[in-house]
């Protein structure tokens, strides 16, 4: 049955109208049709969702950065107070012993902290189970920690400080401060960046307060400071355990721990190697150059370390995202952009410190003032050093822990060879610091050559 003339005209008119609107929309997108309106609504919804997601990410980042900023300020106060209270030689001894303690602390729980962190990030309901495993393995790891500490003492510290002082520093770093770091790590894994920032700031603030009290102590020897250091870290651990750790029931599940133990041992080994290649220069400077040169070197490297605090915050958040999306660094432009940003920010931070110390050499105290002319000579060291650290974190984020351990072992060996060669050339202190730029540049190139081909391999499932 044929439609009526009126209906045909109506249909023709609607077809003409829709066609005209479609043509008009090609030349004037502002004209809204029902289809365009629906597409526009969807587009706005997607943009809104993206902005909401990015807003949350930025909020988390600024929460974490605020903690890094507070820690940076109090770390500087702590550093200035201690560096100008102890003699330069004693400061060099303490800084080197502390670096050794940080390295040895990675043996605690055979590296099971990595499994706890991954659990907090991916499966937070199992934090209580993995915490019980961390505590059990922590007790089991004590003989290994004691044996390794004894070997390090005999190799590097026997002629420089009493065994009791070295043991006190290692105790504070490995058994007091490392568990505080666990609390911070678990909160970061859960996305509680504000709580982690508060705890991080509080720990550094307590060290600064105890260093300030030590400034007025009648006897200001390294032995006296070791007791202050233990007290500061013990108070931090007490606060962290009571107020900042998630409340979950502890459950022992040995089969679960055994499945994770091999990977954790790889992580422990790679962490020890990581800090060995990061801190081995201090051990070599103390053993070859003596405590005075070690003090100057420790001051310069402490200023370099301060530039790494905001970079580590960025790396921590990047690692969390890579655990959920391992292929996020697939594009070359993204990888180059991140590395360039890390290098530029680190270099500019040290340049600012160097300029301040050039015009005000005693701004951070008399002992720091002695090292002030040398700071600018290490201009590229922070960026290169932070890049090596960042590249190691990429492999951890992808679960490539064995490969990470192998890479770090190679870097530690190369760094030992290069620094031993440089330190035995009889260079002046200024020449030595300048040559370090070349040493760290070579280490960065080798690290990049080892890391980025490995990123082409499939990531390990968590």
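Cβ coordinates are placed from backbone N, Cα and C, and glycine is handled just like the others.
Note that TrEMBL annotation is computational and uncurated.
Annotated features in TrEMBL:
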- 61-82: transmembrane segment (TRANSMEM)
- 94-117: transmembrane segment (TRANSMEM)
- 129-156: transmembrane segment (TRANSMEM)
- 162-186: transmembrane segment (TRANSMEM)
- 198-219: transmembrane segment (TRANSMEM)
- 225-245: transmembrane segment (TRANSMEM)
- 257-276: transmembrane segment (TRANSMEM)
- 296-319: transmembrane segment (TRANSMEM)
- 340-360: transmembrane segment (TRANSMEM)
- 372-390: transmembrane segment (TRANSMEM)
- 402-422: transmembrane segment (TRANSMEM)
- 434-455: transmembrane segment (TRANSMEM)
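Proximity of the transmembrane segment (296-319) to the transmembrane segment (340-360) is established through 3 or more Cβ-Cβ distances under 8 Å for residue pairs spaced 6 or more apart. Counting same-chain residues at least six beyond the ends of the transmembrane segment (434-455), those with a Cβ under 8 angstroms from any Cβ of the stretch are 277, 281, 329, 335, 377-381, 384-385, 387-388, 391-392, 394-395, 398, 400, 403, 407, 410-411, 414-415, 418-419, 422, 427. Packing against the transmembrane segment (372-390) from elsewhere in the chain are residues 274, 277-278, 296, 300, 303-304, 307-308, 311-312, 315, 338-339, 342-347, 349-351, 353-354, 357-358, 361-362, 364, 411, 429-430, 433-434, 436-437, 440-441, 443-444, 447-448: each is 6 or more residues past its ends and has a CB under 8 Å from a CB in it. If you look at the transmembrane segment (257-276), the same-chain residues 6 or more away from its ends with a CB under 8 A from one of its CBs are 99, 102-104, 106-107, 109-115, 133, 136-137, 389, 392, 396, 399, 401-402, 404-405, 408-409, 411-412. Here the transmembrane segment (129-156) has long-range neighbours at 96, 100, 103-104, 107-110, 112-113, 115-116, 119, 163, 166-167, 170, 174, 182, 245, 248, 250-253, 256-257, 260-261, 264, 283, 286-287, meaning same-chain residues at least 6 beyond its ends whose C-beta is under 8 angstroms from one of its own.
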